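Q: My questions will all concern the structure given below.
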Amino acid sequence: MSPASPMSEIRHDWQVDEILELMGRPFNDLLFAAHTVHRAHFDPNAVQVSTLLSIKTGACPEDCGYCPQSAHHEVELERERLLPLEEVLEAARNARSHGASRFCMGAAWRNPTDRNLERVIEMVEGVKQLGLETCMTLGMLTDAQARRLKDAGLDYYNHNLDTSPEFYGQVITTRTYQDRLETLAHVREAGINVCSGGILGMGESRRDRARLLQQLANLPRHPESVPINNLVQVEGTPLAGTEALDPFEFVRTIATARILMPASYVRLSAGRTEMHDELQALCFFAGANSIFYGDKLLTTPNPGENHDRALFERLGIHPLEHSDEGASCETCGGVDIHAA
């Protein structure tokens, strides 16, 4: 395969051996290729900033091996019922005042009931009135539920694939890979932007990481947002004690995601507290251009806002303004015009 070009065609037919060849290139060659692609589609010094709030915490019936919110695991976690609307809106106002352009809300459910969906819709409508983009992660959705969220004004829906189809069963048994793909299809068909990525460092192989990216890049449309999480090990979960991923392997995965999905936002998600500033800077160079802002992500720690602000200043990076988020589209070879 020839080196990546700024005008390279956006593809949906990647083969795993091609992806492994990319991942295995000399580190500097891979980062140069990824950065070249990144510059063709985005301002390399702008990072989209989101804030994430847990609107319902704990007691989830799923058995995801990485998650402290699972009812299957012995974890010290204070369970919380669905938050009142005004508490959610106050958190959204605070996020807006600190520079967030998107407000993400997560509930520890297998899937929302119709009653809970009514309350969630009120949250979407209220946050939209504050001038923020909205994102939800509520578990699996039916096509009808996805359409209702779209009608309420939901901009993004997060539903991660987590890992490769082959490794998936070693992490989760209560929800199938196909269940996840079907929810993504319902979200896309409803006209909601898709946010979908995975978690690295769960004991998977490089091939598993390549297969995860292959699944995402070969969807009929690339996810507008691709969150890449570095496993946060929580005592009491089955994955506590897993050998940590080589940081360079994490950067390689970020770079490969950028090449495979040139017009998508690639987000550094959970696990940034374990990353030195230098590692985050490498990730930004390799094509990461989105972060979660705030001291906590659902139930796991996140770098403080002051730390992120200082890091941005040191790197000459600035938060992406809401009005500037129409940075890239899949149909326009190079720098382009539609919201991503």
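Positions of Cβ are set from backbone N, Cα and C atoms, glycine also.
Straight out of Swiss-Prot:
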BINDING   C60, C64, C67  [4Fe-4S] cluster binding site
BINDING   C104, C135, C195, R267  [2Fe-2S] cluster binding site
DOMAIN    45-272  domain 'Radical SAM core'
Q: Taking DSSP three-state, what's C135 ([2Fe-2S] cluster binding site) in: helix, strand or coil?
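A: Where C135 ([2Fe-2S] cluster binding site) sits, the three-state DSSP reduction gives strand.
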Q: Return the residue, from the listed binding-site residues C60, C64, C135, C195, with the maximum count of other C-beta atoms within 10 angstroms of its C-beta.
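A: Going through C60, C64, C135, C195 one by one, the largest Cβ count within 10 Å is at C195.
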Q: Using a 10 Å cut-off, grab the number of neighbouring Cβ atoms around the Cβ of R267 ([2Fe-2S] cluster binding site), all chains included.
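A: Counting Cβ neighbours of R267 ([2Fe-2S] cluster binding site) within 10 Å gives 23.
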Q: Residues with Cβ closer than 8 Å to the Cβ of C104 ([2Fe-2S] cluster binding site), same chain and 6+ apart in sequence?
A: S50, T51, L52, L53, T134, C135, M136, T137, Y156, N158, F292
Q: Note the Cβ centroid of C104, C135, C195, R267, the recorded [2Fe-2S] cluster site, then list each other residue of that chain whose Cβ lies within 8 Å of it, in sequence.
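A: Here the non-site neighbours turn out to be S50, L52, R102, T137, Y156, N158, S225, P227, S290, F292.
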Q: Which number gives the other C-beta atoms within 10 angstroms of the C-beta of C67 ([4Fe-4S] cluster binding site), all protein chains shown included?
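A: Taking all protein chains shown, C67 ([4Fe-4S] cluster binding site) has 26 Cβ neighbours within 10 Å.
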Q: If you run the three-state DSSP split on C67 ([4Fe-4S] cluster binding site), which class comes out?
A: coil
Q: Any idea what the Cα distance is from C67 ([4Fe-4S] cluster binding site) over to C195 ([2Fe-2S] cluster binding site), rounded to a whole Å?
A: 19
Q: In terms of DSSP three-state secondary structure, what is the assignment for C195 ([2Fe-2S] cluster binding site)?
A: strand
Q: In whole Å, how far is C64 ([4Fe-4S] cluster binding site) from C195 ([2Fe-2S] cluster binding site) when you measure between their Cα atoms?
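A: Here the two Cα atoms are 19 Å apart.
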Q: Cα distance, R267 ([2Fe-2S] cluster binding site) to C64 ([4Fe-4S] cluster binding site), nearest Å?
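A: Rounded to a whole number, the Cα-Cα distance is 21 Å.
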Q: Quick one: pull the CA-CA distance for C60 ([4Fe-4S] cluster binding site) versus R267 ([2Fe-2S] cluster binding site), whole Å only.
A: 25
